[in-house]
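What follows is a single structure, written as structure tokens, with notes after it.
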Amino acid sequence: MNEPQFHVTEARELLSSVAQHDGVEAFSEAFVRGLDGSHEHFTVRDHNTLIALAGLAPDGSAEVAVHPAYRRLGHGTALISQTLTRRPDAGLWAHGNLAAARALAAALGLKPTRELLVMAVEGEALAGIGAPGSTAEALTEQEGIRESSYAEEPADKQWLQVNNEAFHWHPEQGGWDLARLHEAMNTEWFDPEGVRFLFDDDSLAGFHWTKRHSDTLGEVYVVGVADAYRGRGLGDPLMRAGVEHLVAGGARKVILYVEADNQPAVKRYEQLGFAVVERHVVYKSTKLTHCSPI
């Protein structure tokens with residue numbers, strides 16, 4: 001049960017089976033990266049087959065995946081018990097917050113402490129945000145502000161500074177250094193043209209980092225505005241800059257992640273045509289209670 005040794009390939013196969021069954025990924029991108037050994041792991045095997053896996057990140061966040069054919073046998077409970085024994089303050093992500101995850105959390109006495117929404121836009125609403133020239137039109141009232149991209153102006157240090165100003169409060173996105181930024185950029189999907197910048201002369205006012213999941217699915221990955229430019233109305237042109245880029249590349253649906261308690265942002269996205277399609281919840285507990293196997 002405690003054997004930490006596994007091949008990344010078999011872990012990915014397990015995660016793929018879970019995603020196909022549940023319709024949502026059990027491990028986030030950061031935890032898939034963590035399979036290389038940067039995260040601590042707990043495993044369950046049926047003979048030589050990996051059937052369940054828990055990942056524990058250095059910051060205390062954790063994620064669990066159990067093969068659909070091996071559920072309600074106590075494996076999820078066992079992995080969570082091991083995780084909380086190792087790190088009592090661990091925050092356990094339930095991606096999609098599916099009924100089985102809610103039931104397991106309730107049985108273990110875990111309480112929700114954070115909710116992350118996935119919102120999506122498509123059809124006419126998407127066409128309205130990402131219409132050709134919409135960014136330029138939105139910038140007509142922003143004197144001196146111009147659009148660029150990381151491909152044209154790779155301003156790593158300014159990008160890092162704006163990111164840390166915008167997300168000083170965020171548990172995953174804030175407090176980065178250049179090494180962390182470059183690590184985040186080191187992905188198969190990174191596109192220098194997909195990082196849209198708004199400059200005021202040579203000063204970076206804001207950025208919109210996009211992600212392309214497929215030919216037709218894009219993501220508003222990260223949007224940030226420098227402290228000096230808050231309240232200047234740059235949110236709209238920044239949003240349009242990224243979405244226009246995604247639509248021009250063939251995106252027919254665009255998603256984004258937002259904290260559920262950030263109601264001003266949620267309301268703004270709803271006004272643009274985004275709607276909630278998934279909920280991801282962090283559960284925590286300081287005490288693991290006895291319960292029936294799930």
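A Cβ is built for glycine as well, from the same backbone N, Cα and C atoms used for every other residue.
Automatic prediction, not curation, is the source of TrEMBL annotations.
In TrEMBL this protein carries:
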type: BINDING; residues: Val64, Ala65, Val66, Arg72, Leu73, Gly74, His75, Gly76, Thr77; note: acetyl-CoA 1 binding site
type: BINDING; residues: 223-225, 230-236, 262-267; note: acetyl-CoA 2 binding site
type: DOMAIN; residues: 1-124; note: domain 'N-acetyltransferase'
type: DOMAIN; residues: 146-294; note: domain 'N-acetyltransferase'
* Asked: In this predicted model, what is the average pLDDT of the domain 'N-acetyltransferase' (146-294)?
  -> 94
* Structure fact -> Here the 10 Å Cβ neighbour count for Val225 (acetyl-CoA 2 binding site) comes out at 22
* Are there residues of the same chain, six or more positions away from Gly233 (acetyl-CoA 2 binding site), whose CB falls under 8 angstroms from its CB, and which are they? -> Glu141, Gln142
* Structure fact -> Among Val64, Val66, Leu73, i.e. the binding-site residues, the one with its Cα nearest that of Val225 (acetyl-CoA 2 binding site) is Val64
* Select the closest residue to Pro264 (acetyl-CoA 2 binding site) from the following binding-site residues, measuring between CA atoms: Val64, Val66, Leu73, His75, Thr77. => Val64
* Asked: Could you give the Cα-Cα distance between Gly235 (acetyl-CoA 2 binding site) and Val64 (acetyl-CoA 1 binding site), in whole Å?
  -> 35
* To do: Kindly assign Pro264 (acetyl-CoA 2 binding site) to one of the three DSSP-derived states: helix, strand or coil.
  => helix
* Return one of helix, strand or coil for His75 (acetyl-CoA 1 binding site), based on DSSP. => helix
* Tell me the Cβ neighbour count for Val223 (acetyl-CoA 2 binding site), meaning other Cβ atoms within 10 Å of its Cβ, over all protein chains shown. => 20
* When the Cα of Thr77 (acetyl-CoA 1 binding site) is compared with the Cα of each of the binding-site residues Val223, Gly231, Asn262, Val266, which one is closest? -> Asn262
* C-alpha of Leu73 (acetyl-CoA 1 binding site) to C-alpha of Val223 (acetyl-CoA 2 binding site): distance in Å? -> 42
* Which of these binding-site residues is closest to His75 (acetyl-CoA 1 binding site) if you go by CA atoms: Val223, Gly231, Asn262? -> Asn262
